[in-house]
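Here's what TrEMBL has on this protein:
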ACT_SITE  C102  active site, proton donor
BINDING   P19, M20, M21, Q72, K141, H173, N213, G214, G215, G235, R236  FMN binding site
DOMAIN    17-320  domain 'DUS-like FMN-binding'
SITE      N99  site 'Interacts with tRNA'
SITE      K185  site 'Interacts with tRNA'
SITE      R188  site 'Interacts with tRNA'
SITE      R301  site 'Interacts with tRNA'
SITE      R304  site 'Interacts with tRNA'
Amino acid sequence: MQENSPAPAALSRKFSVAPMMDWTTPHFRYLARILSRHTLLYTEMVTTGALIHGDTQRFLRYHESEHPLALQLGGSDPAELAHCAKLAEQFGFDEVNLNVGCPSDRVQNNMIGACLMAYPDKVAEGVAAMKAATDLPVTAKHRIGIDGRESWDELCEFIEKVAAAGCETFIVHARIAVLEGLSPKENRDIPPLKYEWVYRLKEKYPHLEIIINGGIKTFDECHQHLQHTDGVMLGREAYHNPWLLASVDTEFFGEPPTVASRHEALRAMLPFIQQELERGVYLTHMSRHVMGLFHGMPGGRQFRRHISENAHKPGSGLEVIEDALAKVRES
Ligand SMILES: Cc1cc2nc3c(=O)[nH]c(=O)nc-3n(C[C@H](O)[C@H](O)[C@H](O)COP(=O)(O)O)c2cc1C
C-alpha cells in the first residue's frame, strides 16, 4: 500500500473475512485491507499437495499490507500438514488454519475438508503435527457436523480431540455439511443454521476461542453473536458488499476508519493494480473483486456494467476503473 501505511494491527479474531476459493484472492484482500486495518483476512484454501508439488511461491504470494493474514490449508496427511505449516511461518503468515468444512466431492476423495469431521483422531494428528512444526497459531474451521454424524456428542468429541492436540481456536460454520446429495453451494444455504450450538460450545469450553460463521450479514447480528462467542467471520456478505469493512475498525475496535469514501478506497488500490498489470495480470482478474464496492449505491450498476463490458478487452488498464469510478457520484 502507500509508503506511509500504518503498521499492521495485532491479530484479533473478533472480526474476520472467511476463506473463499476464487474470491479471497490477493487482489480482494488488498482491497479489504484498504478498508479495514483490524479485520483478520484468510487466504483461499490451498491444498498441501498443491503447495508441496506445485508452484509454492505463487500459492503463498501476498502483499505486505495484507497482515494480519491467515493461510488456510486443505489436507490430512500429518507430515504434509507439518511441512506446509512450516512454509506458512517461513512466508510470514500470522496463522495457519485447517479446513474441515469444505464439502466438495473433489476434496472428499482426497480426505480434505468436511469429510474429516468423521475422523477426529486424524484431524487431531494433523493438528498435533502442525503445532510441532510451527509457533504460529493453528486453528480449525469446521461445520457442526456432517450427514450421519450430526449429534451434539459427536461435535463435542471432535472439539475435545482436536483441542487436546493443541488447537485453541475453532471457527464454526453453524450448519452441517451434507456430503451425499448437496452441491458445495447448496451446502452453504440449505442445511439450517444452528447458532445456539456454537453458543453452547463456548459455554461448555470457555477456555477455547470460538468464532461463529454462517449467514451473518449485519453489524447488529455480529454484536449479538459476540455476546456468546469470541468472534464473527463473514464470507459472502463481506465479498458482495465490501464497503461494510470500512466501518469494522470503528464498530469493533474503537478506531477511526482507514478511508472516508468508496472512491478513496478504490483510488488507493490503483497503484497496486498498475503494478500487477505490469506483471502481466489481466485486469479482469482484479476488477472482478471490486465489483461489490458500490453495492446498493446510485450509479453502482453503471459502475459494474462499465467494468464488465470493458475490463476483458485486450490491453485494458486503469482507465477502465477510472472511467467506471466517474460513473458514480463521489460522496
Ligand atoms: C465462493 C466460496 C468459496 C469458499 N471457499 C472456501 C474455502 O476455500 N475454505 C473454507 O473453509 N470455506 C470456504 N467457503 C465457505 C466460507 O468460508 C463460509 O464458511 C461460508 O460461505 C459461510 O459463511 P457466509 O454465510 O458468511 O458466507 C467458501 C464460500 C464461498 C461462497
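Backbone N, Cα and C define each Cβ position, glycine as well.
TrEMBL entries are annotated by machine, without manual review.
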Worksheet item: Does R304 (site 'Interacts with tRNA') have same-chain partners at least 6 apart in sequence with Cβ under 8 Å from its own Cβ, and which are they?
Response: M291, F294, A324
Worksheet item: Rounded to an integer, what is the Cα-Cα distance in Å between N213 (FMN binding site) and R188 (site 'Interacts with tRNA')?
Response: 11
Fill in: Recorded FMN binding residues, P19, M20, M21, Q72, K141, H173, N213, G214, G215, G235, R236 - maximal Cα separation rounded to whole Å
20
Worksheet item: Relative to ligand 1, which of the recorded sites K185, R301, R304 have a Cβ found under 6 Å from one of its atoms?
Response: none
Worksheet entry | Integer Cα-Cα distance in angstrom, P19 (FMN binding site) to K185 (site 'Interacts with tRNA') | 14
Worksheet entry | Within 10 angstroms of K141 (FMN binding site), Cα basis - recorded positions out of N99, C102, K185, R188, R301 | N99, C102
Discussion item. List every residue in the same chain as G215 (FMN binding site), at least 6 positions away in sequence, whose Cβ is under 8 Å from its Cβ.
Written reply: A174, L193
Worksheet item: Which of the three DSSP-derived classes (helix, strand, coil) applies to R304 (site 'Interacts with tRNA')?
Response: helix
Worksheet item: What is the Cβ neighbour count of K141 (FMN binding site) at a 10 Å cut-off, with all protein chains included?
Response: 25
Worksheet item: What residue among the recorded positions M21, C102 has the most other CB atoms lying within 10 A of its CB?
Response: C102
Worksheet item: Given the recorded positions N99, C102, R301, which one's Cα is the least distant from that of R236 (FMN binding site)?
Response: C102
Worksheet, complete the sentence: Row R236 (FMN binding site), column other C-beta within 10 angstroms, all chains, value 17
